[in-house]
Amino acid sequence: MNYNQFTTTTEINPLGKELRFGLSDNNKLNKNQKRNSAHQKAVLLLHGFGGKTTNWQFIAKKIYSNLELPVYIPRLPGHGTNLSDFLNSNAEQWLRKVVDSYLYLKSNYTEIYVAGLSMGGLLATLLAAKFKVAKLSLIAPAFFTKNKFIVLTPFLKYFRYQRKSNFELPAEDKLSPEQFNYHQNYSRNYYAQTLAELYKIMRLAKKNVKKVNCPTQLILTQNDQQVNTAQIKKFLHKKIGQFLISEKTYQKSSHVIINDLEKERCADDIINFLK
């Protein structure tokens, strides 16, 4: 972390702010809720690399509404602010934030359900491999990517290498100022130094996934342009097949399944798994 890279004008984009449903800021149930057996449980949702908390918003609201379980969506360091922050963040910070978020919930709830998208799925895996997680839901977990460039990033990061992403930005007049700002900071380019940090998480998750021993759900999509669906499925069957009790493969959604064409189906599948 480089202290000098912080700017006094840094702000959190509303699309990336931390979200809580059924929780007050001090991690207690809202005053209109009564603690019962269901409220011994809480849900932790993790966004992906360069992603935002609001990707989970639709599903989080459905979980809270249908299951009456409190939900927390933390903002990973470097996300939801600006490019300088993103380049100044790293794998250790992301993992530490996830562990702290789990401990934050665990201080008041006995059972924690965890779900993660993409890199969030890897972080969720690492959490379940180390701590007691009641159920684990992995959505397009980035164990294997289609971007072969990533294996070179541990070397290219020293040259501050970057290249254009294949992300197509919608017309500016169709975006809110917050959406445009987010895309400008997190979607335009691939940066070797941040991808190298993602690669660290990928390698660590592959090494430790065999330690996962809780009921696990896997949701993938055939239309994923970011991760290798077939390779991920084969890998997880080999490593934790006995714990994979729910598997779904969608046809229409792109990589961000939780906020795409089949988000309602995804919400229903996750809710049914968590019941």
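Please read every residue number as a count from 1 along the shown chain.
Glycine residues also receive a Cβ, built from the backbone N, Cα and C atoms like all the rest.
So that you can see what the record holds, here are the features copied from TrEMBL:
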- 39-261: domain 'Serine aminopeptidase S33' (DOMAIN)
- Phe49, Met119: substrate binding site (BINDING)
- 112-129: transmembrane segment (TRANSMEM)
- Ser118: active site, nucleophile (ACT_SITE)
- Asp224: active site, charge relay system (ACT_SITE)
- His255: active site, charge relay system (ACT_SITE)
Proximal but sequence-remote residues of the same chain as the residue listed as 'active site, nucleophile' (Cβ under 8 Å, at least 6 apart): Gly48, Phe49, Gly51, Ile139, Ala140, Pro141, Ala142, Gln226, Val227, His255, Val256
Cα separation, Asp224 (active site, charge relay system) to Met119 (substrate binding site) (Å, whole number): 14
Coarse DSSP state, helix versus strand versus coil, of Ser118 (active site, nucleophile): coil
Neighbour tally for Asp224 (active site, charge relay system), based on other Cβ positions within 10 Å of its Cβ: 22
His255 (active site, charge relay system), number of other Cβ atoms within 10 Å: 22
Average model confidence [pLDDT] within the domain 'Serine aminopeptidase S33' (39-261): 92
